[in-house]
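Now, the feature entries from TrEMBL:
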- 20-42: transmembrane segment (TRANSMEM)
- 62-82: transmembrane segment (TRANSMEM)
- 94-117: transmembrane segment (TRANSMEM)
- 123-144: transmembrane segment (TRANSMEM)
- 156-177: transmembrane segment (TRANSMEM)
- 183-200: transmembrane segment (TRANSMEM)
- 205-220: transmembrane segment (TRANSMEM)
- 301-322: transmembrane segment (TRANSMEM)
- 328-353: transmembrane segment (TRANSMEM)
- 365-393: transmembrane segment (TRANSMEM)
- 399-422: transmembrane segment (TRANSMEM)
Amino acid sequence: MVKKYRVIDNFISKEALSGILLLFVTLFAIIVANSNFGDFYFNLWDKPLGVAIGDFIISMPLRLWINDGLMALFFLMVSLEIKRELLIGELASVSRAMFPFVASLGGMIVPASIYIALNPDNFIGFGIPMGTDTAFAIAMLILLGKRVNTALKLFLVALAVIDDLGAIIVVATVYTSELKLEYFLHAAFVYGLIWLLNYFDVKKLSFYLFLGIFLWIFIHETGVHATIAGVLLAFAIPISSRMNEKKFIEKTKADLEEFERCMDDKPILNHRQINALEGIAYGYDRVQNPLVRLEHDLHGFSAFFIMPIFAFSNAGVLLNFSTVWTNWMIVLGVALGLLVGKPLGIFGFTYAATKLNIIKKPKNISWFEIISVGFIAGIGFTMSIFIANLAFIDEDTISAIKIGIFTASFMATVIGMILISINYKFKISKA
């Protein structure tokens, strides 16, 4: 239990720091986009880059290498996180998982419904207000400090994980162009090889990642969004380690005893001590769960490199409000979906399901706190921008949507933080 909560605490702290970094990167991107460097900024992301393997060439603008390539690693990390939560985390127990599951369901269905109701002719954008930016949302809760209890943070993490799963399903099923059967068969063959590694209990991550590169290439060519390669790879990564904990403890004790026996007065380590340390390192490598190890390695890279790069390349928007007026109903659908649909869906679905005895509300979370977190979950930001780029092609439309996303996310943040602060003051005065 202690180990599980240590993993969650590590996850929350990294996401919080990443969220704060994303805020500064976003503001910087908007400033640059509207400065004298604006033309350079926009032209930079349209520069073509290509990779050749024999006669096979993939050439894309730099922005697509980020959105399709780096984001595939992000989705790999997210899917590893989902798999861990489903197997050993907060979602492993059906009874514990049901409340955030119903909340997430409401937090996706209601925003999408609001958008579709306002934009029946442009319904393809319904996925935009469905997403929650986990890093931003958690960062806001962390900034509130002791005003947010641990149970509420865990609820938001579980909610965000299920939201991510929903986003993955939407990307895979809705935002996919015409399938190319030849490359689909190639991708299926490579994925079969990856599962063979799993079947034969291969724990070496490099084998999975090597085949994962080819899986990404073939999926990219099929017409399915390339980030799905990261999702598929994650679910094939083994969960069991090469050495159990008991054997690791025994081996480490023996190596430490050997290290102590070989101590001398010299200022440098002798060969036997170095061998003992190598033995500890060998055990350390083998006792680690491949899934958690890869998630841990990718988490920092994703939080402090991939997402800031994605934000910087995609968040820059010309503050031309005439485009907002031209695309008014789309912008309104996205903004209301995030600002109204998220809290309404999260609270409404959980409250109704609780009254119908389908689920049970956690005792240490109040309904007022659930509404408050509902607003925090309305911070769509990076996930909403990502889906907007898939749903629409016209740059003016995307720019207008981004302004709507920023506005709604900012307002949702302010309202959510105010409500949580009010709730905390009420608790203090009542105590």
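Positions of Cβ are set from backbone N, Cα and C atoms, glycine also.
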Notebook entry, point to check: Are there residues at least 6 beyond the ends of the transmembrane segment (20-42) whose Cβ is under 8 Å from a Cβ of it, and what are they?
Noted result: 133, 135-136, 139, 143, 303-304, 307-308, 311-319, 381-382, 406
Next item on the list: Return yes if the transmembrane segment (94-117) and the transmembrane segment (62-82) have at least 3 CB pairs under 8 Å (sequence gap of 6 or more), otherwise no.
Entry: no
Checklist line | Chain residues in Cβ proximity to the transmembrane segment (301-322) (below 8 Å; excluding those fewer than six residues from its ends, i.e. six or more beyond) | finding: 14-15, 17-18, 21-22, 25-26, 28-30, 32-34, 38, 41-42, 45, 62-63, 66-67, 70-71, 73-74, 77, 135, 381-382, 385-386, 389, 396, 399, 402-403, 406
Note to self: When you look at the transmembrane segment (328-353) alongside the transmembrane segment (123-144), do they share 3+ Cβ pairs under 8 Å, ignoring any pair fewer than 6 residues apart in sequence?
What the structure shows: yes
Margin query: Can you see whether the transmembrane segment (399-422) and the transmembrane segment (205-220) are touching - at least 3 CB pairs under 8 angstroms, only pairs 6 or more apart in sequence?
Written below: no
Next item on the list: Could you tell me what the rest of the chain brings near the transmembrane segment (328-353), counting residues at least six beyond its ends with Cβ under 8 Å?
Entry: 99, 102-119, 122, 125, 128-130, 132, 159, 359, 361, 367, 370-371, 373-375, 377-380, 384, 388, 397, 400-401, 403-405, 407-409, 411-412, 415
Check: Considering only Cβ pairs under 8 Å, which range in 62-82, 156-177, 365-393 makes the most contacts with the transmembrane segment (205-220)?
Finding: 62-82
